[in-house]
Amino acid sequence: MDGGDGTVRLGALNLRSDRVGFDSSPDVSVSSPVTRQKAAAAKQFIENHYKNYLQGLQERKERRRTLQRKAQESQISTEEQEQMLRNLERRETEYMRLQRRKIGIDDFEQLTVIGKGAFGEVRLCRAKDTGEIFAMKKLKKSDMLSRGQVEHVRSERNLLAEVDSRCIVKLFYSFQDSDFLYLIMEYLPGGDIMTLLMREDVLSEDVARFYMAESVLAIHSIHQHNYIHRDIKPDNLILDRNGHLKLSDFGLCKPLDDKYSTLLLENEDLTNGETNSENEGQAACDRPPWMMPKEQLLQWKRNRRALAYSTVGTLDYMAPEVLLKKGYGIECDWWSLGAIMYEMLIGYPPFCSDDPRITCRKIINWRTCLKFPDEPKISNEAKDLICHLLCNVETRLGSRGVEELKAHPWFRCIQWDKLYEMEAAFKPTVVGDLDTQNFEKFPEVEGQPSSIPTVGPWRKMLTSKDTNFIGYTFKKSDVLKSLENSGTDMRSNGSKKSPSLITLLGQMNLQETEISEGEQKQET
Ligand SMILES: Nc1ncnc2c1ncn2[C@@H]1O[C@H](COP(=O)(O)OP(=O)(O)OP(=O)(O)O)[C@@H](O)[C@H]1O
C-alpha cells in the first residue's frame, strides 16, 4: 500500500513518514469510556504500526546506502561489493519474514521454575525452533490490573527493551495471551545475590567490592536512561555463568502499595518525617539485629526467602525518602546499594527486624539506628562508604553523579572500564545450558500456561482487559545481530564501522515489531 511517494493509504488513513495520524478523528463524544479507551488504543496502535513501517523502510534504504558507501571505501572488487549487497538483501528479507511471524507461548517449551515474584514466576524455557534457552517471566494480567501495576510492567518492558547494556538482563521478546504477559529474557544461570548471601552468609571485602562495583555500573546504566529502580535488592542482582552481575526486575515496585501505606499511616509520627528526639529514635532501635536472639535472626533469614515470593516483599533496602513518599530521585537506588553492602559484609541488612513496622521505623530513624556490630569486623573504608550511602539525600554519595561514588577509597583498586572483562570474584558452578543448581527448587503447582488456547481464533480475541497492555509486544530478532555483523565484517575489511549504522541497528533492535492478542495484526 505504499503509494510510491512515501505515502501509505489504508481506508481513512493517509500517512506520511513526517505526518502520522488520522485525517479526521472519529466522533467518540457520545460513546462510553470503555469504547473511547478502545478507540484511543486502536488509534494509537494503527499510528504506531504505520510509523514503524515507514521508519523501517527508511532504515532499510539507509542501511543499503551505508553498506554501498563502505563497500566503495573499502576498495574491494565490484563483484565482492555486489555479493555484500546481495547478502544484506537476503538478511533484510529474512528479518522481515521473522518480523511478520507471531511469537507466542507455543513457540517455547516450558521447563523448570527458577524464581517466583509478586506477580508470577520465572522459568527456564527452550525455543522450539532453535533450541535456544531463555528465562521466561510470566505475569498474571488480572493481578497486575487489580494492583494497579500496568504502568510498572510497561516500564519494565520498556526499560529492558531500551537499555542495551551488559549490566542489564537482555530482553528478547515480550508478548501476551489472554491471561498472562510474558518476558523472554536471557537466562543467567549463576543464581541471584540473595541465594549467594544465603549460602555464604558474609562475603569477603574483595568479593563484595567486585559485586558492589558491578552494581554501581548497572544502576548507573539505568539512571542514564532516566529510570529509577527504587526496589534494588539482592534478589534483583543476578549472575551470569561467568559470575558477572546483571540487574533485573524493573518497575514492579510493590512495597509502596496499599500494604505499606497502611503501615505508614499506622505510624503517624513517621509520616511527618524523621523523629527528632533522640529518645524516639532510640526506641525504634532498641534491638539491633545482632542483639536479637540467634533463633530470631535465623527466623529472619528463613522469612527472607518466603518474603521474596510474597506480594508484600521486603522493605529492608528501601530508602527513607521512598518510604516517606517525600519525593525521591536516583539517590534512592544508592541507598539500597548501601544496605546491600552492609548485608554482604555483616550478614544481614542494617535495619532488619522480623516486624516490618520496626524495619520501617529503623530506616526512617537511620541516624540513631545505623550501627555496626563488633563482629564481623570490617575495614574503616568500607564503614565510611556504607555511612555515605545510608545517609540523607544531600550528603549521599552518587547524588552529584556516579563519579564521586567510584572515587571512594574503598573502590581504589577497581578498574572500572575493565570490570566486565575481568575474571569475576566468584565463579558459579554451571554444568550445561539447563543447569538450575544455583536456584531454589520450586514444586510444580499448576504448571498449565493458560486456560485459553493460544492458537486458533482465540488468539485474536480482544478482551476489554487487553487494551491495558497494548504496545507490550516486542521482538529482538537475531537476524539484526547478523545485520549488525555485516557491519563488523566490513570493519574487518579495513573500514571503520559507521556510528550511524550502529545507531540505526540499535534503534531497529528496539523497535516494536510484533503485535499479538489485543493488538490485532495488520499486514501491509
Ligand atoms: N533472566 C533471569 N535469569 C535467571 N534467573 C532469573 C532471571 N530473572 C529472574 N530470575 C530469578 O527469578 C527471581 C524472581 O524474578 P523477578 O524478581 O524478576 O520476579 P518478580 O516477580 O518481578 O519479583 P518481584 O516480586 O521483585 O517483583 C529472581 O530473584 C531470580 O532468582
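A Cβ is built for glycine as well, from the same backbone N, Cα and C atoms used for every other residue.
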**Prompt:** Of 71-101, 474-504, which range does TrEMBL call coiled coil?
**Reply:** 71-101
**Asked** Are there any residues in the same chain, six or more apart in sequence, whose C-beta is under 8 angstroms from the C-beta of LYS137 (ATP binding site), and if so which?
**Response** GLY117, GLY120, GLU121, VAL122, TYR182, LEU183, MET185
**Complete:** Per DSSP (helix/strand/coil reduction), LYS137 (ATP binding site) sits in strand
